[in-house]
Amino acid sequence: MTTTHSAGHPGTARTRFVIAIDGPSGTGKSTVAKELARRLGAGYLDTGALYRLVALAVLRAGVAPEDPAAVAPVLAGLELRPPLDPDAQQHLLSGDDVTADIRGVPVTQAVTPISAQPQVRTWLHDLQRGTALGGRMVVEGRDIGTVIVPEADLKIFLTADEAERARRRHGETSGAAGDVAEVGADLRRRDLVDSTRATAPLRPADDAEHVDSSSLTVEEVVARILAAAGKRGIR
Ligand code: DC
C-alpha cells in the first residue's frame, strides 16, 4: 500500500513534499527548479518574484525602497497570489500583469534594500511557508531551507563559479543589464548584500546538498536532484 511520509521505501511515493532550492543569482536555480516541478508534477514557487513584486509596489507608490517607515504602509495595502504552475508564471500587482516589469533594472536595483528589511521578510514569511506546505512543491529562494521551511524534505544549495554566473545572467538579460563585466560586478554586489544582511542572510542549511552547476548541463543538475529526491521517497 502506498503511504505518505514513508521516505526511502521503494515503490512508495510521497503525496506531499517540499524541495528547497537555494543559492545566489545566476546559478540556474529558476531553470532547474521549474524543470524539477514539471518532472515531479509539482507546484513551483519563485520567492524572488515575491520580493520583486514588493519592490515594484514600493516604486509605484513613489516612496524610497531604503525607508522602512515609508515601505510599511505599502505592505499593509498589498495582496499577492503567487502563480504555482511552472509553465504559467504570470505575476499580477493590483490586477496588472507585471511579469516583465519585475525583471527590469529599476526593480532589480530596488529589491536589494527591500529584501534586507526585516518587516518585508516577516510579511512574506507566512505567504511563502503556507504556499510551500500546500502539497508537492519546489520552492526557490535564498533562505527556504534555513528559515522558511527548515524541515524541507530535500534542501539543495546550488552554486556556480562567478564567471559562469555572469555569463549566464548576461545571456538571460540579452545585454540590457550591461556587458558581462558589469553583470559580474552587479552579481558580486548583490551576493555581498544578500550574504551579509542581518536577517536571513544567504547561506546553505547545515543539511543542504551542495550542487555546483558550473560545468553541468541543466539536465545533469536536474538528474542529480531527482536522484537525491528519489532516495527520500520523492518521485
Ligand atoms: O532570485 P531573484 O534575483 O529574483 O531575487 C530577487 C532578490 O530577492 C534578490 O536580491 C535576493 C532576494 N531574495 C531574498 O532575499 N530571499 C529569497 N527567498 C528570494 C530572493
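Cβ coordinates come from backbone N, Cα and C, glycine included.
Remember, TrEMBL labels are computer predictions, not curated facts.
Feature list (source: TrEMBL):
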- G23, P24, S25, G26, T27, G28, K29, S30, T31: ATP binding site (BINDING)
- 19-228: domain 'Cytidylate kinase' (DOMAIN)
What mean pLDDT score does the domain 'Cytidylate kinase' (19-228) have in the model? 95
Taking the Cβ of T27 (ATP binding site) as the reference point, list residues of the same chain whose Cβ is under 8 angstroms away and which are at least six residues distant in sequence. L158, T159, A160, R165, S213
Through the lens of DSSP with three states only, how would you label S25 (ATP binding site)? coil
Take the Cβ of T31 (ATP binding site) and count every other Cβ within 10 Å, whichever protein chain it belongs to. 15
Which are the residues of the chain, G23, P24, S25, G26, T27, G28, K29, S30, T31 excluded, whose CB is within 8 A of where the CB atoms of the ATP site average out, their centroid? V32, L158, A160, R165, R168, S213
For T31 (ATP binding site), which of the three DSSP-derived states applies: helix, strand, or coil? helix
Among S25, T27, T31, the binding-site residues whose C-beta sits under 6 Å from ligand 1: S25
Report, as a single number, how many Cβ atoms besides its own are within 10 Å of the Cβ of K29 (ATP binding site). 23
Nonlocal residues around G23 (ATP binding site), in sequence order (Cβ under 8 Å, 6 or more apart): K29, R142, I156, F157, L158, T159, L202
Long-range neighbours only, meaning 6 or more apart in sequence with Cβ under 8 Å: which ones does S25 (ATP binding site) have? R165, R169, L187, R190, D191
